[in-house]
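These notes are about the structure you will find just below.
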Amino acid sequence: QFFVFCHGLLQLSQLLVSSYLKSSISTIERRYGLSSKTSGLLASFNEVGNTLLIVFISYFGSRVHRPRFIGCGAILVSLAGFLMSLPHFITGPYEYDHSVASVFSNTTDLCQPEGTGSWGNLSGSICAPHTAKENHEVLLVMFIAQALLGIGGVPIQPFGISYIDDFASERNSPLYLGILFSLTVVGPGVGFMLGSAMLRFYVDVDKVGGDEVQLTNKDPRWVGAWWLGFLVAASLVAVSAVPYFFFPREMPKEELRAVATQDFPLVLLRNLRHPVFLLVVLAQVNLSAMVAGLATFMGKFLERQFSLTASFANMIIGAVNIPGAMIGIVVGGAIMKRFQMSLRQCSAMCVLGMLLCLVLAFPLVFLGCPTQKVAGVTYSQSSEFGLYASECSLHCNCPEKAYNPICGSDGIEYISPCYAGCRVVNINNNSVLNYTQCSCISENGLLGSAKPGTCGTGCFHLLLPFVVLSCLAGILASTSHTPSFMLILRSIQPEDKSFAVGIQFMLLRVLAWMPGPVLYGSAIDTTCILWEKKCDRKAACRYYDNNLFRQRYLGLQFFFEVGAF
């Protein structure tokens, strides 16, 4: 029982590291100008290190000192966590468009008809080679950290599961594994809550004073302290690793004969030819692909679809969706234990859970709103204006790269005050109150005004039904988790257990966890309608077509749910 406790703690903190990355992915995209495809690849890159080793390590599972191996893996995971936060300390402070009117900059991005005005320090105007190089270094460090995170995580789950299943009684084993699986779901929940807490702090909280930060966390240019959570999570993993160096190699219970080494290909084939094993694993592949995309980009989806801050989006995922999935897993395990289910009943329960999940997930595709009207991007006053070329601001000499969104009194969003033709800015206590005398905004025939920040999608009222439905669908889908595991553990030969779990995790990684986030990220990138440009290359996306984003993102999810069913 103490081993189950320690293992729960370790899995919790290991998952904290990997899920914290997913909770801060939209922030890292913004900070380093990454596309969703790149960030998806980064999020799934830990699976690469994992996949290369997992089959071999699980195969030797019954012949090594398992607890010690788990401890060494945990130390690697901890190192990877510290490495993830390194880019923050080797790069300069975050630069956004300093074209915001404030006491700290003499530029304003107002309409300045006489000459070019003072557009000096607009980010992106300087394109020094070192900025591009800096970005490559950042990505290199992060990809190495992710690979290490994967390698360190290899022994943790298969060895832990087989160690517990070997030394626990048949009756208690499903209960212990149920507890561990539910913790593997709590882990990401805590990770997203940690993300929610950390992203409220400004990214350079250690480099600049609080009074120098002009952005609020509702500003689309806001970047939270993404690196802080990695330090917290990595420290926790390091602490959890300690007890493993003191567990015995074996505990008293029935001895199982170990598989002789030359049987490796035979065992592999024997398991892969097993129809129950193969079908259950394929169903789990579909579910995992769905979860991988969900976990990586759900925060970003909520931010864009319902105009939430990154911090609030993470809080919803961590406090509602993930606990829902956990309830599903525990309920599934409890029903199995209560009714002592046969394998056939287990599979029936999986099918029923997925069917009900499909019924609830389908309406989600229709819950949402189109992108807000953005002048020159999703909306033009008359058709002959191209991108940006609203005639009302042609005389303003606006810089092309400006991004300081404002919401006009006419309910239309403008990329910057200059593009709305605003001449006057009203400042109070170092924060912008509003912009007035805007030639592109008309209010009762007079020149209109605008407030800083985006207009938002006006979709907030749909957030509650969306969250409730997706939470219920998640509960139903996850009831199949424990029964599907038991289908595998009980239908293969007992001495293949450690190995079969290893093959299963490898297939899940190769077919779901690795390609999943990249697939979702690429699909999301196709719905972008305005890219930020950095040094003439595409950086992060400024505006998405929200309807397409929703249809492609949730459509992919639905596709995998049907596959699992």
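The backbone N, Cα and C atoms fix where each Cβ goes, glycine too.
The domain 'Major facilitator superfamily (MFS) profile' annotation in TrEMBL covers 1-565. Taken from TrEMBL, the feature domain 'Kazal-like' covers 386-439. Marked as transmembrane segment by TrEMBL: 42-62, 69-90, 138-163, 175-203, 223-247, 276-299, 311-336, 348-368.
Long-range contacts of the transmembrane segment (138-163) within the same chain: residues 3, 7, 10-11, 14, 17-18, 21, 32, 34, 38, 42-43, 45-54, 57-58, 61-62, 66-67, 69-70, 72-81, 83-84, 86-87, 90-91, 177, 180, 497-498, 501-502, 505, each at least 6 residues beyond the stretch ends and with a Cβ under 8 Å from a Cβ of the stretch. The stretch with the most CB contacts under 8 Å to the transmembrane segment (42-62), chosen from 175-203, 223-247, 276-299, 311-336, 348-368, is 276-299.
Outside the transmembrane segment (69-90) by six or more residues, the chain places 7, 10, 14, 17, 21, 32, 46, 57, 137-138, 141-142, 144-146, 148-149, 151-156, 159-160, 203, 226-228, 230-231, 233-235, 237-238, 240-242, 244-245 with a CB less than 8 A from a CB of the stretch.
Ranking 223-247, 276-299, 348-368 by CB pairs under 8 A with the transmembrane segment (175-203) puts 223-247 at the top.
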